[in-house]
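All remarks here apply to the structure that follows.
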Amino acid sequence: MDLYSIKLKVITILAGIGIALLFSLIAYGLLYYFYGLSGISIIYFLLIFVLFIDIIQWLVSPYIIGMTYRLQKVSPMSQYGYLIDIVHDAAEKNNIKEPEVYIAMRGSPNAFAYSSPLAGKRIAFTKSILDILNRDELEAVAGHELGHLKHHDVELLLAIGLIPTLIFYLGYSMIFSGFGRRNGGSFFLVAIILFILSSVFNIMILGVNRIRESYADVNSAMTIPNGAENLQNALAKIYSYSMPSKQTSNSTVNMLMFSDHIENDLGRDYRKLVEKWKNMKPPVSIFSDHPHPAKRIQILERYKNSF
């Protein structure tokens, strides 16, 4: 593991811990100020309630994703059986257990990995991505997705994703707590501040996700032969052939995608796109859940001879 990948790992861990600690201090201070010791029981109740909902969602989400994307499990004898071999080879190189492989019958070119205690670990490729990437590029994409599983990114998103929801419910409860009180206006003002803080924490989580995506790219470059160059080509092909979209979401499913499909020029030669991204200054967007492809390409460029 090189210095940059260690840096990405440490930043991800510290960011997650920092977000959790910041939330704890804000929640504890506000509840103690307005409710005294009884306010601490409120946050415990909210934490247990939201945690229960999130765990249920985590357990059943693979089945919901399966229905949404019309996922079909790949069998060795099917026309997509070669995907099992690709994922098997990539999993061996990553020293992790091979996940189940699925094909998504709908959706633009993409891939994603997800897991739960009930469904186990899974990796899915959309049918359209198979039409534009060669075998080596698919293995590089698999190396990226397996990086998410190896780094326990699903669990990380579950943990820190609770925080904006908790802050929102805390603000919601303070609105009702303020009714009929002499200082009800203060409760309402704090509730508005909490709603704003919920959005701020969402932006912070998007930042963590961008780091997480870069770390998965580095994982592919360091574990898959020629992974850096093949992942660069895969990114360029996906952005060249995907329908343009400006939609940004911080949903867990969108965060787990390999690409977020920013607006692009259809039909552009992917090699020219790679060269352009190598030399451009990547724009910064705090509202994006993926790094700009130029930033991803430039990070991968550092790792072309790292395998």
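Yeah, the Cβs are placed from backbone N, Cα and C, and that goes for glycine too.
As given in Swiss-Prot:
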- 10-30: transmembrane segment (TRANSMEM)
- 40-60: transmembrane segment (TRANSMEM)
- His144, His148, Glu213: Zn(2+) binding site (BINDING)
- Glu145: active site (ACT_SITE)
- 156-176: transmembrane segment (TRANSMEM)
- 187-207: transmembrane segment (TRANSMEM)
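Annotation for the binding-site residues His144, His148: lowest Cβ count within 10 Å of the residue's own Cβ, His148. Counting only same-chain residues six or more apart in sequence, the Cβ atoms lying under 8 angstroms from the Cβ of Glu213 (Zn(2+) binding site) belong to Asp289, His290, Pro291, Arg296.
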